[in-house]
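A.B. asks: Sequence annotations record features per position, and here Swiss-Prot assigns NADP(+) binding site to 166, 167, 168, 232 based on sequence analysis.
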C-alpha cells in the first residue's frame, strides 16, 4: 500500500478534546453545560448502537445527554409533541432524532419541526439553505466531518476536481456544497450517471457515499488522488467494508480513509461540535 491512511479515529479524538475544552471553558464562566436530546423510536439494533455511541461521546465531552427512548408504536403526533417540548426546553441546545424511524412514521415533518437553531444534524431546510448561500451555521455532520479530514492533510482545494459519488440529502448533496465553498471544481455522480469510471478517474478528491460495497474499483482511481470512503457496508461474514475497493485503491491514491475508522468517528465528533456551537453562538443568552 502506497497511500497514507487518514486516521479518522485520531482526528475525531482531537476534535472531541477541543469540544471538551470548550465545555469546560463554559463551566469556568459559570455557564451551563450544552445539552443534546437524543430521541430513539423502537428497537432497531443498529440504531441502538449508534445512539449509544452518541450518548457516550456526549458524556465524555461533558455535554448533558438527555435520552428519550420511545416504543416502536409511538404515533406521529406523540413524536411531534416531544419535538415541540424539546424545542422550548432551554437546557436543550441540540435535538437529534435517530433515523431510520419505524415505517409508520414520516421523518420529513419531524425533521422540519426541529427548530433550526437546535438542528445539530444539519438536516433542516433552513440550515441546508444557509449552506447553499455560503453562510453555513449548523452543517450536516458527515460532510463537515469529511472537510475536517481533508483539512487535516492540507488539501489544496482550489484548482482540484472533487467528484462525489452519491447524491443523498444526508451526504452527497451537502458534500458538494462544502467542497464548492472550499473552491474545488465539483462533480456529483448518481444512479443516472453514465461512465462512472471516467469521472472517478478524473477526481483529485474522491468522496464515495453510495452504500454499495466495492462499487468504486481501485484501478479507476487517479494516481495521487485523495479517497474518502463514506460507505459502511456489513458483509455476510460480519465484517465492515466501504464503497471503494480499498486494497487496489490504496496502491494508486496518495491518501485514503479506512472503513471502519475513517469517516464514521468524524460524524459523531462533528455532532458534538455543532452542539457546542449552538450553545455558544445560537443560544448565548440562555
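Note: Cβ is positioned from N, Cα and C throughout, glycine not excepted.
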A.B. asks: Can you check which residues sit near residue 168 (NADP(+) binding site), meaning Cβ under 8 Å from its Cβ, same chain, 6 or more apart in sequence, and list them in order?
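C.D. replies: Expected: 209.
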A.B. asks: List the residues of the same chain that sit at least 6 positions away from residue 166 (NADP(+) binding site) in sequence and have their Cβ under 8 Å from its Cβ, in sequence order, or write 'none'.
C.D. replies: 172, 189, 190, 207, 208, 209, 210, 211, 230, 243
A.B. asks: Give the maximum pairwise CA distance in Å, whole number, for the residues 166, 167, 168, 232 listed as binding NADP(+).
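C.D. replies: Binding-site diameter by Cα atoms for NADP(+): 16 Å.
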A.B. asks: Starting from the Cβ of residue 232 (NADP(+) binding site), draw a 10 Å sphere and report how many other Cβ atoms land inside it.
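C.D. replies: Cβ-Cβ neighbours of residue 232 (NADP(+) binding site) within 10 Å number 18.
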